[in-house]
Amino acid sequence: MGKKQKNKSEDSTKDDTDLGALAAEIEGAGAAKEQEPQKSKGKKKKEKKKQDFDENDILRELEELSLEAQGIRADRDAAAVKPTENNEEESASKQDKKKKGQKGKKTSFDENDSEELEDKDSKSKKTARPNSEAPLSGSEDADDSNKLSKKGKKAQKSTKKRDGSEEDEDNSKRSKERSRVNSSGESGGESDEFLQSRKGQKKNQKNKSVPTVDSGNEDDDSSFKIKTVAQKKAEKKEREKKKRDEEKAKLRKMKEKEELEKGKKEQSKQREPQKRPEEEVLTLRGTPDTGAASEEKGDTAAALEDDNEGDKKKKDKKKKKTEKDEKEKEKKKGPSKSTVKAIQEALAKLKEEEERQKREEEERIKRLEELEAKRKEEERLEQEKRERKKQKEKERKERLKKEGKLLTKSQREARARAEVTLRHLQAQGVEVPSKDSLPKKRPVYEDKKKKKTPQQLESKEVSETLEISAPVEAVDQGGPEKEETPPSVEPEEEEDTEDAGLDDWEAMASDEEREKEGNMIHIEVEENPEEEEEEEEEEEEEESEDEEEEGDSEGSDGDEEDCKLSDEKDSGKAGDTKPSKDASSDSEYDSDDDRTKEERAYDKAKRRIEKRRLEHGKNVNTEKLRAPIICVLGHVDTGKTKILDKLRHTHVQDGEAGGITQQIGATNVPLEAINEQTKMIKNFDRENVRIPGMLIIDTPGHESFSNLRNRGSSLCDIAILVVDIMHGLEPQTIESINILKSKKCPFIVALNKIDRLYDWKKSPDSDVAVTLKKQKKNTKDEFEERAKAIIVEFAQQGLNAALFYENKDPRTFVSLVPTSAHTGDGMGSLIYLLVELTQTMLSKRLAHCEELRAQVMEVKALPGMGTTIDVILINGRLKEGDTIIVPGVEGPIVTQIRGLLLPPPMKELRVKNQYEKHKEVEAAQGVKILGKDLEKTLAGLPLLVAYKDDEIPVLKDELIHELKQTLNAIKLEEKGVYVQASTLGSLEALLEFLKTSEVPYAGINIGPVHKKDVMKASVMLEHDPQYAVILAFDVRIERDAQEMADSLGVRIFSAEIIYHLFDAFTKYRQDYKKQKQEEFKHIAVFPCKMKILPQYIFNSRDPIVIGVTVEAGQVKQGTPMCVPSKNFVDIGIVTSIEINHKQVDVAKKGQEVCVKIEPIPGESPKMFGRHFEATDILVSKISRQSIDALKDWFRDEMQKSDWQLIVELKKVFEII
């Protein structure tokens, strides 16, 4: 039986594999047969099959159903092992079903026909089997199938591919079933036939629309369907349900896997200890699936045992199976509560671990920071310790130098020369005291230390140099014995001293010093109370010597203090500082000697200057006052210079170019002139006038000269603000008020031009208050009205103002003095008020002080004198031959005063006068200083005097600090004009104008224009010809310089009035610009974008005349146009633009204009409609050259939107 079954199974497998080939043959054979004979033959076959039907077939069918149930379970196991394969097969089978269903719908056959078709197909497949029961039916089936192949050709084609895959699947199932059936007994012998029939039935179930019967033996179809169809449907529903559940479970698993992968990625960044809880989570999540698999295996085993019990048991199994499936679904739905809890606990542990590690990391970083801070503190303390040690060593060396115990190389050479001289003297027979005749040293050495060597008791020479060098020799030789250090230290100490200067040594060479030095030997060597007494004696000797050396009281005071300070330090540290030190420390401080010497000299000079200033500040004499410095400020043409002319009885204003003040001037007004001018003031006490006179400074009022106004106001004690009564406060008046506010300078207001009041009657010989009372009513009313208006304007500026004769509180109210520079009214009252206010309110400020305070006002080049500086001497005195430090363009300038020139009394400093030469000048004066190297002096900064050479570096540093701000103002450009002026003040004003006009300047100079200036300016011809210009303000132009400028092509503009120079240069720039615009007008292309109006096409070709809308930019005549959308075709040049039949030169954005575009010469004319359409945008054809020309010469005609369009077109034309 077993062999027969095996043979049968082998045959069945062979038949299954040959089905595809057999179907193809059947299709080919039966292509030409008709449908009706097929139906009739099919009925005959069915009748034969019914006859052969027997009871054994029913039993086999039941067994097959039970095996099928087992096969489903096996399928489920296989699906658990390989879920992906089943998914693919199921999806493929579903697609096949859909395709089959669609094809079935298309065909015109009904269900009965399709059923017959399937039956015959299945029978044809059975023909190949060597089944003993139905050999005839197999051959008949083959014949029938040949007949039916034509009819079922399409259906077979659609199912062909699906059959192949299903056969593979069924083969695997049959092999499993065979193994089970062999063990089940006799009923298993006929399982092969049942399996073959079940294969057909499964295909029918998958094809819902075409149910087929595929039994091996001839069965009765009707009786067979009644038994199995309901069961098949139920099983099919269960299978579909299970498949859905399995798909859901797979989706859940996929999601869980993704979540786990994300978690793994996040946790892999952390340390290895953190990975263990994650593994636990993974194992916990893996448990439900394994349990489910084991249960399934148990189910299949149970099912095999119960298969043979029959139909009743089968139903019970189905119920059990459905309950188990539900349980499995519940398990597959997700992890249980315990699993979730375990996962949460694992995650909590993981989080705690992270927090713990974070805390540990923070603590570690904190510890490291504390250790670092501790280390830095130790380093700082160590550094301080080293610095203290170094400072002590410096002080010791400094003291030794002061005492003359350290010898430099030059000093040793001098010592050798002195020895040679001594031998010569002895050879000539001069008596020289022997070493025995000299007094012995103190016995202190013998008490404390070893006995002296003979070298320490060498004789002292007679000459001064020998007297000086002997004690130092004793120190150098005696030092090593006392310190008990190796002899190698001695040469190193000598090396330290090599860099010390000879001057310090020679400065101390005097008789008293020799005695002192003899005693000073013991300072460094001994450490006892006697040493301090000796030091005190030596300090007194040093003080007396310094006084003799300095020769003047100021220097001696400073040196006494220095000596006391330094020696007090020395005596205080004498016990602490010990001479013992190793060779390394010597070499360490060896290089510091030069620096410390310079620093020492610098600090000494600084202390001396500070002490001198402090003493001068204390010795202020309030009884003796200096002349107050009065500054005159105001708007243009208010009468500032005219007021001064009236005071001085001069005509400076008439001699000025254009009547404009362009320089700062200073006038000395002596006491006699004050008394003369104030004789009409009755209550003026002329006997008690304490000021020796007045120094009045006149400043320019024009806008350009704000720097000079600022400079003049910065050094004045009191100011006169001149206001035109007819015009009130004007721009420069308000600027002057703000300057005075910022400087906190007191001022009085001169209400000038009262003679302009209607019916004013002048009375210069009387007080202005009396003169006002004498005027007519209408004149007084007008004056009061205008005065009140000006008081209101002052109130708007935050100042209280009142007429001087009504002012009860001059500290809170500004005094207004009505004046007339033309008639002289009010001049006496003005001077009286100035004298009164300065004597009473400014007595402390005007107190006589020896401390020098001076300020450079102007730098001028005078013929026959060279470059001179006008200086306002505020305090102190200046002497001829003094070393002065003045600020310069390239740094402070150190020079000597060669001459002090003063203008005659009541004469203007800036006007060329017969200057008086003085040896000494006292404050306050306007003085002209002659000296060397004053060409690059900067005005507006202080002048300092150095009484000693070592003070020069200190004073230089003071000036450098103040220089920085002024130097930042004058910055030269690489390309620009050359500027030349008579004074620095007017040069600054000219540069300020150029800066506001955005004109660069490449060179500046003060003085006449020479050939060298033309040479410098001619350099610009190579860079930019428009800047090859010299602006000469109020200076003479040499003839040879003018000739050279003409030959080279350099323009020289010269004017005495700054505004005329401005106008001339501005006109030149405009002309030059027009010339260049004319030159570049064909190159410069203005950007534009035009849209064609299709209803206004007047001419389409040669020339093109069309109406357009300017969308952006501006269209000008001569603009070349192109069409970017048509491969940048050039259509021509705009030659004419019309608006409302009127021709215009330019059309701007938003305008609708008619343009005539003529073709480019030498090119074929372009045509509207062929080369471009109405939809195309026309743009101007720009290039890099045209853009540069616009930037350089047509910038004023371009707007911001035009530049934006250029940027847009650059991208279109790809211009870099």
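Every residue, even glycine, has its Cβ placed from backbone N, Cα and C.
Remember, it's a predicted structure, so these values are computed and weren't measured experimentally.
Per Swiss-Prot, region 'Disordered' is recorded for 1-604.
Feature annotation from Swiss-Prot assigns compositional bias 'Basic and acidic residues' to 7-17 (among others).
According to Swiss-Prot, the compositional bias 'Low complexity' annotation covers 19-32.
The compositional bias 'Basic and acidic residues' feature in Swiss-Prot is assigned to 49-63 (among others).
Residues or ranges marked as compositional bias 'Basic residues' in Swiss-Prot: 96-106 (among others).
The phosphothreonine annotation in Swiss-Prot covers THR107 (among others) and is backed by a large-scale study or a structure entry.
Under the heading compositional bias 'Acidic residues', Swiss-Prot lists 110-119 (among others).
Annotated compositional bias 'Basic residues' per Swiss-Prot: 148-160 (among others), in sequence order.
What Swiss-Prot records for 171-180 (among others) is compositional bias 'Basic and acidic residues'.
For 232-279 (among others), the entry in Swiss-Prot reads compositional bias 'Basic and acidic residues'.
For THR300 (among others), the entry in Swiss-Prot reads phosphothreonine, with the evidence type similarity to another entry.
If you look up Swiss-Prot, you'll see 322-333 (among others) marked as compositional bias 'Basic and acidic residues'.
Here Swiss-Prot flags 348-422 (among others) as compositional bias 'Basic and acidic residues'.
For 433-448 (among others), the entry in Swiss-Prot reads compositional bias 'Basic and acidic residues'.
The annotation compositional bias 'Acidic residues' is assigned in Swiss-Prot to 490-510 (among others).
The phosphothreonine annotation in Swiss-Prot covers THR497 (among others).
Taking the Cβ of ASP755 (GTP binding site) as centre and 10 Å as the limit, one finds 17 other Cβ atoms among all the protein chains shown. Every protein chain considered, the tally of other Cβ atoms within 10 Å of the Cβ of ASN752 (GTP binding site) stands at 27. Model confidence over the region 'G2' (659-663) is summarised by a mean pLDDT of 50.
Cβ neighbour counts within 10 Å, taken over all protein chains shown, single out ALA821 as the most crowded of the binding-site residues VAL636, ALA821.
Highest local Cβ density among the binding-site residues LYS640, LYS642 belongs to LYS640, counted as other Cβ atoms within 10 Å over all protein chains shown. ASN752 (GTP binding site) falls within a strand segment according to DSSP.
In the three-state DSSP classification, LYS642 (GTP binding site) falls within a helix.
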